[in-house]
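Enquirer: Structure below; questions to follow.
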Protein chains: 2
Amino acid sequence: MKLVTNPDKSTWSELLKRPTQTIEDIEATVKTVFNDIKINGDNAVEKYTSKFDGVTLLNNSVTEEEIAEAASKVDENLKTAIQLAKANIETFHSAQKTDRVEVETMSGVACWQEKRPIKKVGLYIPGGTAPLFSTVLMLAVPAQIAGCKEIVLCSPPNKEGKIANEILYAAQLCGVTKIIKVGGIQAIAALTFGTETIPQVYKIFGPGNQFVTVAKQLATQFGVAIDMPAGPSELLVMADDSANAAYVASDLLSQAEHGADSQVILVTTSKDFADNVSEEVETQLETLPRKDMAEISISNSKTIVVNDFDTALELIDTYGPEHFIVATENDDFFVENIGNAGSVFIGNYTPESAGDYASGTNHTLPTNGFSKAYSGVNLDSFQKSMTFQKISKEGIQNIGNAIELMAEAEGLQAHKNAVTLRLNDLINE
Amino acid sequence: MKLVTNPDKSTWSELLKRPTQTIEDIEATVKTVFNDIKINGDNAVEKYTSKFDGVTLLNNSVTEEEIAEAASKVDENLKTAIQLAKANIETFHSAQKTDRVEVETMSGVACWQEKRPIKKVGLYIPGGTAPLFSTVLMLAVPAQIAGCKEIVLCSPPNKEGKIANEILYAAQLCGVTKIIKVGGIQAIAALTFGTETIPQVYKIFGPGNQFVTVAKQLATQFGVAIDMPAGPSELLVMADDSANAAYVASDLLSQAEHGADSQVILVTTSKDFADNVSEEVETQLETLPRKDMAEISISNSKTIVVNDFDTALELIDTYGPEHFIVATENDDFFVENIGNAGSVFIGNYTPESAGDYASGTNHTLPTNGFSKAYSGVNLDSFQKSMTFQKISKEGIQNIGNAIELMAEAEGLQAHKNAVTLRLNDLINE
């Protein structure tokens with residue numbers, strides 16, 4: 001890890017810079033696939049699945065038999081673990097339900113706000129070497145609590161034309177209504193336009209590689225919402241001498257193993273502590289199966305030593321980490337004052353992996369500094385708030401004149417007329 | 001208005017189609033301006049203000065003296081109307097505050113969700129013939145309630161280098177922290193990158209022409225969030241014989257006067273009522289100052305006669321109108337069951353213009369069918385939810401094993417290690 005001590009504020013922006021990604025060459029490919037699927041539907045989907053996933057499917061919908069078979073093959077202990085995680089995620093996201101907000105702003109002017117589910121949502125779960133079934137829980141559980149009617153899950157098939165057992169088990173456990181073997185750009189395009197077998201949805205959730213990320217961005221131009229823009233995963237740990245160097249090292253490594261582009265930062269007020277963590281990282285790294293990847297990520301990562309907590313807080317807020325672990329003698333200071341972070345992990349016994357899997361919070365979080373403006377996925381991500389107003393005869397008499405004056409001042413005579421007509425009738429009543 | 005009676009469901013998608021906008025030629029212009037402002041800051045801003053707004057400004061920041069002078073020139077009755085509207089908007093948006101959501105998902109595993117303000121926000125207010133000061137209220141009031149630290153308002157200067165008095169008055173009334181005379185693409189680019197005089201913000205709100213819309217979309221590629229994708233304003237009225245044809249006509253016209261591309265749709269179960277509205281529209285249209293614009297919009301608009309409320313509801317949900325007025329003998333049916341609409345106006349005495357100005361609800365709403373997935377602007381638009389978790393020694397012992405199993409099954413050994421290390425220490429304690 002690169003060690004930086006007391007960096008001058010003028011260097012922060014450079015120091016905290018994330019690697020930029022070039023997407024322009026990807027964009028052309030994504031546009032081509034979108035256009036093809038828009039016109040040719042399932043035929044085009046089949047073609048790209050064959051090309052990119054190396055498998056030709058007669059039927060891309062997962063059948064009930066396949067799900068039952070997959071479920072029977074998942075280890076029973078793992079099933080119990082998945083059920084525990086699901087229960088915690090359910091508890092936390094159910095607690096996020098809000099009542100209808102109702103106010104009479106003036107006598108006779110009733111206004112209310114209600115949340116209603118997004119009817120059709122698409123969940124994208126990447127394939128690859130490891131099956132990310134935890135993301136199924138993180139997306140399908142709140143979708144079901146919100147009351148989404150259609151929950152469509154897309155995940156790429158492997159060479160045998162299958163989706164991992166754990167993903168199918170988790171999907172069925174969490175009320176996914178349709179599972180489709182399709183991945184990459186073609187999955188996002190199919191969810192955007194709909195095909196003969198794949199339903200069009202209103203919002204697409206889930207992680208993915210650069211192709212999926214660019215495809216999700218393009219989907220927004222066709223009227224489909226997305227959870228958030230994605231970037232490589234990040235962890236920032238704030239720790240002092242009161243923390244445990246071995247634990248901190250294990251947390252940094254658990255972030256680093258995600259990929260060579262993972263962002264890992266340690267901020268500390270203690271140079272000694274930084275040295276201890278560095279040694280621990282070297283030791284723990286040796287035994288990791290994903291050592292090669294983690295090593296690259298760690299070599300790009302930074303340890304920043306600062307003089308005091310105030311400076312640390314300002315630095316962390318400037319960065320806006322996706323995951324923020326704080327283990328210091330005064331965690332409350334950071335918890336109360338942090339303005340920009342996706343999810344915060346407090347104290348020595350709260351590793352990031354707890355939130356990744358089972359504490360109950362969501363692991364789909366804003367990366368790339370987006371925590372400055374974006375929420376992580378939560379119950380509200382699967383609903384939209386709608387407003388209602390009902391004005392009585394008395395009500396329109398109370399606010400009518402104000403509307404008339406404002407509409408006229410904005411040069412919108414018909415807006416004024418709509419009120420004047422009603423007020424005149426009431427005067428004559 | 002074009003009359004369509006009992007359209008077959010297979011024709012709905014074509015019938016409800018919004019006009020598509022071509023943005024490709026605009027995109028190139030927007031990218032050029034962004035690039036220039038990113039590199040040349042205020043110099044470039046000045047150049048584009050001179051080019052597009054026809055005025056050269058020595059200083060683009062509005063001074064306190066200018067605000068005081070502007071405020072003194074606003075008509076006192078209008079001030080009172082603005083204050084009434086502000087109070088109602090404040091009441092309704094303050095009621096949207098939510099408490100921290102805190103749950104112990106398992107013994108020793110505390111999780112909570114808190115909303116924190118987006119620190120820096122930019123509000124864009126268009127210029128043009130009429131000063132849209134009502135939009136200042138709709139954006140600045142919730143920003144202030146949310147606790148946003150920097151609220152930067154940009155609006156284009158007129159040929160005399162000024163912003164309308166009403167906009168300056170409303171901005172100062174609602175706690176805007178900085179007002180800048182800059183409009184169009186150059187305003188959005190400046191808020192995205194920051195210049196010597198214009199602060200960089202985390203999220204940009206507000207309406208605008210096609211250039212502003214495309215610029216806001218581009219801003220998202222540089223890490224800035226936006227309120228929502230924008231399109232031409234829309235109104236759908238659902239009415240039956242129990243409604244007042246003159247009122248409905250006045251509401252349709254108040255939407256139509258926004259611009260030639262405004263979308264206006266009347267759905268009704270009564271052909272007679274449709275005819276009455278049509279006649280009323282012709283009569284009322286005659287006296288409108290913006291008659292030419294409204295006439296084009298009305299000529300493109302549609303009246304759809306259906307057999308029953310169920311069909312009407314399904315049709316309306318398929319369209320997902322920005323504004324939805326319902327005036328029927330059973331409004332509750334629509335209010336309870338509508339799934340996709342921005343804001344709903346109920347009964348004969350609730351014209352859309354009430355919500356545009358003064359009822360208390362927000363008038364920044366999802367157009368173009370985005371109500372299927374997007375909320376209108378509300379208090380949450382100015383904050384993000386962050387999650388926190390704090391796990392005790394007991395807590396990690398309760399969920400540790402589940403995390404280990406899940407991490408291992410996902411092939412993430414370091415994620416497992418972070419838990420195992422802690423559990424081992426606790427066993428040995």
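Keep in mind that glycine also has a Cβ here, set from the backbone N, Cα and C atoms.
TrEMBL does not curate its annotations; it predicts them automatically.
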Enquirer: Write down the one residue from A:Asp53, A:Asp75, A:Asp99, A:Asp356 that TrEMBL lists together with A:Ser233, A:Gln255, A:His258, A:His323, A:Glu410, A:His415 as binding substrate.
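Expert: Answer, per TrEMBL (substrate site with A:Ser233, A:Gln255, A:His258, A:His323, A:Glu410, A:His415), from A:Asp53, A:Asp75, A:Asp99, A:Asp356: A:Asp356.
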Enquirer: What are the non-local neighbours of A:Gln255 (substrate binding site), defined as same-chain residues 6+ apart in sequence with CB under 8 A from its CB?
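Expert: Non-local contacts for A:Gln255 (substrate binding site): A:Ser233, A:Glu234, A:Leu235, A:Ser262, A:Gln263, A:Val264, A:Ser297, A:His323, A:Glu352.
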Enquirer: Under 8 Å, Cβ to Cβ, against chain B: pull out the ones among the binding-site residues A:Asn209, A:Ser233, A:Asp356 that qualify, in sequence order.
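Expert: From A:Asn209, A:Ser233, A:Asp356, flagged as close to B: A:Asp356.
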Enquirer: Rounded to a whole number, how many Å is the Cα of A:Tyr124 (NAD(+) binding site) away from the Cα of A:Asp356 (substrate binding site)?
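Expert: Counting only the Cα atoms, the answer is 17 Å.
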Enquirer: Relative to the mean position of the Cβ atoms of A:Tyr124, A:Gln186, A:Asn209, the recorded NAD(+) site, which additional same-chain residues have Cβ within 8 Å?
Expert: A:Pro126, A:Cys154, A:Pro156, A:Gly183, A:Gly184, A:Ile185, A:Ala187, A:Ile188, A:Gly208, A:Phe211, A:Val212, A:Ala215
Enquirer: To the nearest whole angstrom, state the Cα distance for the pair A:His258 (substrate binding site) and A:Glu322 (active site, proton acceptor).
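Expert: With distance taken Cα to Cα, A:Glu322 (active site, proton acceptor) is 14 Å from A:His258 (substrate binding site).
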Enquirer: Enumerate same-chain residues with a sequence separation of six or more from A:His415 (substrate binding site) and a Cβ-Cβ distance below 8 A; give 'none' if the list is empty.
Expert: A:Ile403, A:Ala407
Enquirer: Reduced to three states, what secondary structure does DSSP give A:Glu410 (substrate binding site)?
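Expert: Once the DSSP labels are grouped into three classes, A:Glu410 (substrate binding site) ends up as coil.
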Enquirer: Measuring CA to CA, name the entry from the recorded positions A:Gln186, A:Asn209, A:Glu322 that ends up nearest A:Asp356 (substrate binding site).
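Expert: So, spelling it out, the nearest of the recorded positions is A:Glu322.
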Enquirer: With H, G and I counted as helix, E and B as strand and the rest as coil, say where DSSP puts A:Gln255 (substrate binding site).
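Expert: The three-state answer is helix.
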Enquirer: What is the total of other Cβ atoms whose distance to the Cβ of A:Glu410 (substrate binding site) is within 10 Å?
Expert: 21
